[in-house]
Amino acid sequence: MSTFTSASNPAGTTTGTPTDGKNGTMNATTTEATRRPHLSGMTWLVWRQHRAGFWSILAAAALSVAWMVYQRGQLTDFLTGHGYPAKNLDEVGSAFQQYVDAFSFVALGLGVIPILLGVFLGAPLLAGDLENGTAKLVAAQSMSRTRWLATKLALAGLVVVVSTGVLSAVFGWWWNPVKSEVTVMDWMSSQAFNNTGPVPVALTLLSVFGGVAIGVVLRRTLMAMVVTFGFTVALQVVWSYSIESLGNAVTVTTNKGVMGENGSPSLPRGAYEIDYSFVTGSGDLVGFGTCSGSQTDAARQVCLDKADVVGYAVEYLPMSQMHGMQWFGASILFAVTAGVVAFLFFWGRKRLV
Amino acid sequence: MSDGMYAGKPALEAYGLGMRYRRGWALRDCSFRLPAGRICGLVGPNGAGKTTLLNIAAHVLEPTNGSISLFGEAPGSAESGRRTAFLAQEKPLFRRFTVAETLRLGRELNPGWDQRAAEDIIRAGNVPFEAKISTLSGGQRTRVAIALAFGKRPELLLLDEPMSDLDPVVRHEIMGILLAEAAEHGTTVLMSTHVLAELENVCDYLVVVSGGGVRLAGDVDELMSVHTMVTGVREGDGLPVALGHHTLVESRISGRQFTALIRPEGPVTGPWETDTPNMEELLLAYLRSPDAPPLVTPTAQVHGQGQAFGIGTVAA
Amino acid sequence: MVVVIVEYRIDRRSGVPAFQQIVQQTKQALRLGVLVPGDRLPTAKEVAETTAVNPNTTLKAYRELEREGLVEPRPGQGTFVRRTLGRPETGTDSPLYAELAAWMSKAAGAGLEQEDVAALVASAMEKQYAAGTTAATGSTTTRSTGE
């Protein structure tokens, strides 16, 4: 047995007056709080955990915006110098090509955003916590795991919506002066259609939340990232095949024959042709290749007459439908995303630790 | 705290708890009661269902059958979530957070957070507040995890193998912190371990699970006092017939001598030496003899429990 | 304020229950004058922190000491020493000590080893204090009864 005084008792010192270390941390916390926007509770935790990723996304978006603003300035300078739109761009030649290339280059980058964010933001968002046990740590605190899930989805969703929304708006603004020039970007191309309006927001949101759901089910970060890559690529493929069916195709028919120069129908500027065929006197459509096997024009004419071909029938999508098609498609994507979120909450109630 | 200690309000009650995984039953018909204010050791061999039991209590797992109640509430309710803290075996922490940020996590997510208590535990181990979790040693990480659990000011602390990766010095110190905090706030502790030496002098309550079921549950003094270690000269091939009317837990024969752990059903008289077993002997005997009749003392019995065994009664 | 308190040393291998070790060590401190009336015993929390002993064990030991009239609990303040066990006869300057020291040197002169002396003392002590306490050597056959 030994005796000692409380002065040498480690327990005595710790329970006594606050030491420098404590004051140090308190000061650090208060200055930090005044310096930054004040986050609290679950929002603070989720932001702190993913701040590197969130800031990277926002910073990359800001850089891209700056680049596009610069490019638009270059473009409008050129167009003003050229005298556009009074003078069209048909004879502008190779001098204009660099501005077209700038669109393709940026559009390519913007096009992979859904895949990138799905794989690197969505898949690890919860799979990481489930894999290394931090989900248990959060579940052991006083707040419900539903709240945790909701905060994670809300913050990730907010970052996605803000970054892709701003990128989409700025890209559209850049494109606007030359929107009707098919030579720059065809509005039905994935470059234009997928990167403007609500489409990039909807595609990215579904890719990211789909990645989250894959991560929650697989509970392994790396595996979830690989599967999410497959999912987001598949989404892009399915989406690009479905774009056409989003619009109401318009059909124009002619009755001036198909042999002459002036027989072709006149389509509005920027129209996207879906189908080109011949129309008969009774209004039936026959294939565009009808009578193409004929050796001479005369023989072909005989053949066409025999088939009662009186003109062309062209099915197309006018550019005026672009906006409506984008919102229609985006709302389908948003609805699917809502389904994914509902699944996440249903699944997460029991399996999120 | 002395008044609350034996008042006997339950902190945790398990009713016929069962948990089946794909590979089979991890826990089966597990019923016991833990009075508030106790420091309870949850003992059993590896794979006995200790972690499963704690995970059910912490609302990490949903039991296949039965239920568990914490202060009368289901796990996962806002009330029991606030009053309970759980330290999982792997002691998960955010590796990129600093120690101070980890404590802030506790402060942001828990209404009754005690920043000072948490900071005191960190400071006692000289862990720098600005250090990243990933740079800390195993012992330091455990300390941070324990600070996080204690800062929550829980009334029930669930600890899964809390000392498993600590050296003896830190182990002793952390146990000291644990017991001191429990003493100061009357915290109920349910702590799993398979290191029996960790429990001596630490626990005043025991729940032994083995093969998925409860083998022994109750107050330590009570459990000790109803068992007797008998040593003597063997008769023939086995135990003396006179010992037959006591409940036998375990017996061993070496040479001419026998040693038996029994639950006496009356005076133990005979040419034998009798002794009170120590905790380790008691636990080992029960863990080694899966067929020994289980014993759940009255304070550890839940109401309406199927397999209730009174002290000293012959169990089936 | 400097408060002198005792620190218990719990031997987990001795086989003596921890609460009895606390009782014995407190009594020893009372005998040696380390603890005097009015001293505060360490709280269960302090004991738990330094020795990792269950606070209930400490409280049980204190209740035992209280039952023997050696200490008293003061609500909200702690447990305080009421009376000492120290007597003039137990000091190293007492005549009894001198007699024992003289006997020891005689035993050594007769060629007795330390173990022999200890055995003699123990057996003489057993004869004299047959129903005696377990204070000096401890006992592994004590039954703890629970409260």
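Placed from the backbone N, Cα and C atoms, the Cβ positions cover glycine too.
According to TrEMBL, the feature compositional bias 'Low complexity' maps to A:1-25.
Annotated region 'Disordered' per TrEMBL: A:1-33, in sequence order.
Long-range contacts of the transmembrane segment (A:52-70) within its own chain (CB-CB distance under 8 A, at least 6 residues past either end) are made by residues 106, 109-110, 117, 120-121, 155-156, 159-160, 162-164, 166-167, 170-171, 174. According to TrEMBL, the feature transmembrane segment maps to A:52-70 (among others).
Residues or ranges marked as transmembrane segment by TrEMBL: A:102-127 (among others).
Panel annotation: around the transmembrane segment (A:153-175), residues 43, 46-47, 50, 54, 57-58, 60-61, 64-65, 68-69, 71-72, 75, 103, 106-107, 110, 113, 117, 121-122, 125, 184-185, 192, 195-201, 204-205, 208-209, 212, 341, 344 of the same chain, lying at least six beyond its termini, place a Cβ under 8 Å from a Cβ of the stretch. Look at TrEMBL and you will find A:153-175 (among others) tagged as transmembrane segment.
The feature transmembrane segment is assigned by TrEMBL to A:195-218 (among others). Residues 107, 110-111, 113-115, 117-119, 121-128, 130, 152-153, 156-157, 160-161, 164-165, 167-168, 171-172, 175, 224-225, 227-228, 231-232, 235-236, 239, 322-323, 326-327, 329-331, 333-334, 336-337, 340-341, 343-344, 347-348, 351-352 of the same chain lie 6+ residues outside the transmembrane segment (A:195-218) yet bring a C-beta within less than 8 angstroms of a C-beta in it.
Look at TrEMBL and you will find A:225-243 (among others) tagged as transmembrane segment. Counting residues 6+ beyond its ends, the transmembrane segment (A:225-243) has Cβ neighbours under 8 Å at 111, 114-115, 118-120, 122-124, 188, 190, 193-194, 203, 206-207, 210-211, 214-215, 218, 325, 329, 333 in the same chain.
Residues annotated as transmembrane segment in TrEMBL: A:327-347 (among others).
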